[in-house]
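Take a look at the structure below.
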Amino acid sequence: MYPPSRKDFISLTLSDPHSNAYNNGKHRRQSCWRKWKQLSRLQRSLILFLLALLLIFGLLSYPSIAEQWRGISDREEWLELNDRGLNAAPPGAKPELGPDAGKTPAPVAGPHLGPAVVPDVAVPDALGPDAVEELKGPNIPILAKPPIKKKPFPSKRGPPSLQKGGNVSDTAGGERQEQEVVHDEEGEEEDKEKKIVSWRGAMIEADQATEPPPSTNEKEAAAPPAPANPADTVSQTVSPGPVDRLEVVREAFRHAWKGYKDYAWGHDELKPISKTFGEWFGLGLTLIDSLDTMWIMGLKEEFAEAKDWVEKELTFQKNVDVNLFETTIRILGGLLSTYHLSGDQLFLDKAKDLGSRLMPAFKTPSKIPFSDVNIGKGTAHPPRWTSDSTLAEVTSIQLEFRELSHLTQEPLYQEVVNEVMKLVHKLPGKHDGLVPMFINTNSGQFSHKGVFTLGARADSYYEYLLKQWIQGGKTEDDLLEDYLQAIEGVKKHLVRQTGPGRLTFVGELSHNRFNAKMDHLVCFLPGTLALGAHNGLPGDHMDLAVQLMETCHQMYKQMETGLSPEIAHFSLQASDGHDIIVKPADRHNLLRPETVESLFYMYRYTKDTKYQDWGWEILQSFNKYTKVPDGGYTSINNVRDPVNPGPRDKMESFFLGETLKYLYLLFSDDLELLSLDKYVFNTEAHPLPIWPSPPK
Ligand code: DMJ
């Protein structure tokens, strides 16, 4: 048999217009050409004339069709420009203070202290139940933008206060909520122009992250402000791919900054949903934590206005209790790194002032510092309920104090923190290099022995062992010894693989019982292991880093929002279908940096672009589920519920100080942009110089 012959000409099926008869499907087929030939000359000329007319008409009407299309894309662009326009308020223009202005700030324990268990707060439907069906989910592209009326969010509770007084903004929630409603109604007209998608009460700006945004002007404007070291800014010759991603992170930073500037200027943290601020120490925490990020991203205007605030408003002469660790890593670290990048003496002067005010914390019987210092009165004390300090807190302030000594030629700063490391080095109670989570400020001994974790309360002890060794030019052998021993302890006691998918994770040990639980905080470890391997430590550290990096990536990828929970549990049973289990109390995401931090190290050292891609996915998820339309990003309650992620109304300072900075560095292909051979990043992502090795 032969296959049916292929037709090499186009034929049209023409039915006889005069015949209504049903011919049993046998229509007469004629080729166009034959039909054409049957026409008279006049008929043919007429048809040709008509065709020509049609063509001319088509050509004439093209601009208006094009206009219609352009109209759509112009609107998109306008909306983006509108966003930028709002960002571009004149430098120094100081936004109105929120309702808590002038109140005495009360300190609260920081998020590093670990996963705060916060019950889910029901968020009322903004559009009613029908809206869910209509919108179906967060991935709906919003092209035509019906004016959606934005309803105010109720104020949410943040993490519970662990210190006296609680968070000022939490206790003033009711009053603030009423004021917000008024504020919102005033802004209603403006809101109509905004690009908002709302479902089940979650108001998220339509995803702009996938658009390639940079304009030539913006790129020019982004040129960094006369760097002290020109290598510490973005190379202008990066390939087109990464440039888009860099610009998207920059846009995310601007959006976060806009929220902070509009509603929380000069205060510690933005509460982006209630459009107000939270106070922790009353020291402009977010502003200072963000300084070097702005420098690195080349955000000149933003940097200038922030610097102006530091110059005119920032004072440490305040009767306020601050947490030694948090203040050191975020504020002291931020000021020191900004001094190094900008060369501006202002930041060093502020760092010196703060450093000297933190010193009373070290006046303890054991020389293990107290957790809290009153920087105005010069007094220090442990938390109310204990005389213990957290292990990570007393062993993760060294990079900053040591650097302060270097810069000021005042050895005392370095001496007090080195003393802590010496004491911990000699202390009994470790378990193959793993350390307990608490240390007593009176006795100088570990307390609550027998519990070992690389998560909350212990994490950065391990990180700073390695980083101090690198900072000091790899000469301090005790630090290296403690680090190597600790990693052996981790491998021996804490590393396991899941049953179903063989994911490697770091669990916890509690009185010899293994707990298959890992905080998101532990995701700093792949980066630290990679840093060590790059500095000559064993190659199997890098192997472990690669495996753990995969697990941290899966902690995002396997969640419905693409964002990691605060804590993951892992299944050791091969029969359970899932590798990762998330308990209801652990489903929140605080915009933490650890995974993107490690992705940055992994990409720098391997050049494997999959790490950039993983970071890109995370950034897009942040944009989809945590971006607040009027400015800022918010922590969320439930990473498993893309329909109602449950905004928690808090933007942590580390989102700007760390998360966005590491994403930016991850997407940059410029290895000289904060070279890891020249800088060591403190645990809040503030780069400090590696000291030159002493002559041998
Ligand atoms: C930051 O303050 C620091 O990275 C700290 O080491 C851990 N906690 C937060 C970020 O999660």
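Using the three backbone atoms N, Cα and C, a Cβ is placed for every residue, glycine included.
Just so you know, TrEMBL annotations are computer predictions that nobody has curated.
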Candidates C32, C523 - disulfide partner of C552 as recorded in TrEMBL:
C523
Using a 10 Å cut-off between Cα atoms, which of these recorded positions sit near E594 (active site): D459, C523, C552?
C523, C552
What is the interatomic distance between the Cα atoms of D459 (active site) and C523 (disulfide bond), given in whole Å?
10
Measure from the CA atom of T683 (Ca(2+) binding site) to the CA atom of E326 (active site, proton donor) and give the result in Å, rounded to a whole number.
10
Roughly how many Å lie between the Cα atoms of T683 (Ca(2+) binding site) and C552 (disulfide bond), rounded to a whole value?
18
Give the distance between the Cα atoms of C552 (disulfide bond) and E566 (active site, proton donor), rounded to the nearest whole Å.
11
Distance, E566 (active site, proton donor) to C523 (disulfide bond) (CA atoms, angstrom):
11
